[in-house]
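Visitor: One structure coming up, written as structure tokens, with questions to follow.
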Amino acid sequence: MAGFSHLPQQMEHGLITNNGFLFCHGSHGGAATTTAPAIPEDASMETSSVVLDTSPQDKKRKPREEDTASLNSAHSKEAKENGRKRGGKKHSRDQMEEEAPQGFIHVRARRGQATDSHSLAERVRRERISERMRMLQALVPGCDKVTGKALILDEIINYVQSLQNQVEFLSMRIASLSPVLYGFGIDSDAFSDHSQKMEGMFHEAVAIPASVLNRGSSPAQSHAIMDTSNTSPTPYTLQVQGGSNNNSLSQDNGSYIMQTVGEPRQELFNQVVLNNYMCSFQ
């Protein structure tokens with residue numbers, strides 16, 4: 001290093017030679033120190049070359065940069081995958097909303113209420129029960145003022161029982177007023193048909209024997225008179241007038257009395273009429 005003593009001290013950072021470049025470090029007042037290895041004195045300036053030592057910090061920086069690059073790439077991949085998943089979920093939700101059935105009614109749960117299918121079905125059932133209870137309250141008089149399902153049901157039960165008792169009482173009263181219909185088990189329609197048949201039998205019974213009596217009777221002509229009424233309770237009367245003969249047929253509270261006076265032919269006629277009445281009631 002004795003050959004470089006003639007160089008000025010102002011050059012701190014390096015020296016340019018014909019065949020190489022020499023780095024040196026030092027201050028203005030101190031001796032110059034170099035980081036290059038020692039150069040033998042025999043070596044000439046023309047053939048001398050300085051090999052710089054690379055610091056280990058550069059080697060350490062490379063793997064760190066590679067690690068950070070790999071981490072950044074991994075994070076970017078994860079972010080992309082998460083974005084794809086979120087996009088797929090949003091797309092699937094949109095499809096489900098579009099493909100929802102038309103009859104389905106979306107019920108938005110209130111605060112403190114669940115949204116699962118079981119709770120929704122239970123809520124619908126309770127709403128139906130409340131509607132039926134309102135209808136029953138409207139049917140029962142004075143039941144609108146009652147609160148509580150148990151009390152409402154008690155009022156409804158009592159009202160139905162009272163209606164049942166009234167129906168039974170009315171049916172018993174009707175049966176007591178018309179014992180003929182309920183005693184014999186005859187309906188009102190059947191009873192009206194039966195009365196019409198009886199009237200027809202009366203007309204036939206009166207018309208046929210009257211012609212017979214007119215042929216075999218005395219010169220004094222006999223005639224038949226029949227009084228009928230559907231509304232009044234007056235009895236049916238059959239009178240045959242002629243000479244000293246007199247027959248009468250009367251009805252009093254369902255009992256028929258036959259009074260006969262005269263010849264055997266007239267008695268036979270009266271028996272025929274009575275038999276017809278008896279057959280009609282059997």
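The backbone N, Cα and C atoms fix where each Cβ goes, and this holds for glycine too.
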Visitor: For the record in Swiss-Prot, which of the ranges 113-126, 183-196 is the region 'Basic motif' one?
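Guide: Feature region 'Basic motif' in Swiss-Prot: residues 113-126.
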Visitor: Tell me the residue counts in helix, strand and coil for the compositional bias 'Basic and acidic residues' (75-84), as DSSP assigns them.
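Guide: Going by DSSP assignments, the compositional bias 'Basic and acidic residues' (75-84) contains 10 helix, 0 strand, 0 coil.
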Visitor: For the domain 'bHLH' (113-163), jot down how many residues DSSP puts in helix, in strand and in coil.
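Guide: Secondary-structure breakdown of the domain 'bHLH' (113-163): 38 helix, 0 strand, 13 coil.
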